[in-house]
């Protein structure tokens, strides 16, 4: 069946969450939002492209930092209201220069930092 | 630093997305929503507990199906507006009986099913 971004379920703001997972080791890197046009751009260009809610603009991941995400596979969930982008990540995915945005663990009631910023 | 669910960033509906990842092989299983009380329940019970938006009720994953998620680690992202639950999953995570909700790949413009329902 041909894929049509219009068949996805979006929020009232026209957005759908997209999880980025590293193809190398399966690490969950980040979650950000796309609109239908960002989904299309991601598939057409092979560069993962989100919609920045704060800037209200397309956000080609890594366009300024160089920390690009090359799309390996885009997956749709059963409810069609969440996406999973399997990616080849260059450098850190997180704006803090950590590899993943999920670097804080809740352990025995405390917040514990699991990873330090990557050094370029 | 002590973790306080009230310090997370929730949507205007009081919800935060939570990604579930299998501890065994890193597979991304599903994404669902929690409110602050569901986060607390998840940490206190060790059973991943979401908030069902359709039923407007707590949803102890697997409570009726037996396909429970035992919490291994709960992680918070850099913006504190998304959670990652590393889990030990019993049976399929998806209501379609597939292991993961992300069983559809967009490949060369077509939707391709990557996995079949698990047999009990």
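Using N, Cα and C of the backbone, Cβ positions are placed for all residues, glycine too.
Because TrEMBL annotations are produced automatically, they should be read as predictions rather than curated entries.
The model shown is predicted, which means the values in this text are computed figures rather than measured ones.
Feature annotation from TrEMBL assigns domain 'Phosphoribosyl-AMP cyclohydrolase' to B:30-103. What TrEMBL lists as Mg(2+) binding site is B:77, B:79, B:81. The Zn(2+) binding site feature in TrEMBL is assigned to B:78, B:94, B:101.
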Taking every protein chain in this structure into account, which of the binding-site residues B:77, B:79, B:81 has the most other Cβ atoms within 10 Å of its Cβ? B:77
Residue B:94 (Zn(2+) binding site) sits from residue B:79 (Mg(2+) binding site) (Cα to Cα, rounded, in Å) at a distance of 27
Cα-Cα, residue B:94 (Zn(2+) binding site) versus residue B:77 (Mg(2+) binding site), nearest Å, comes out at 24
A correct count of other C-beta atoms within 10 Å of the C-beta of residue B:78 (Zn(2+) binding site) gives 17
Non-local Cβ contacts of residue B:101 (Zn(2+) binding site) (under 8 Å, 6 or more apart, same chain)? B:29, B:30, B:31, B:93, B:94
Packing count at residue B:94 (Zn(2+) binding site) (other Cβ atoms within 10 Å of its Cβ): 21
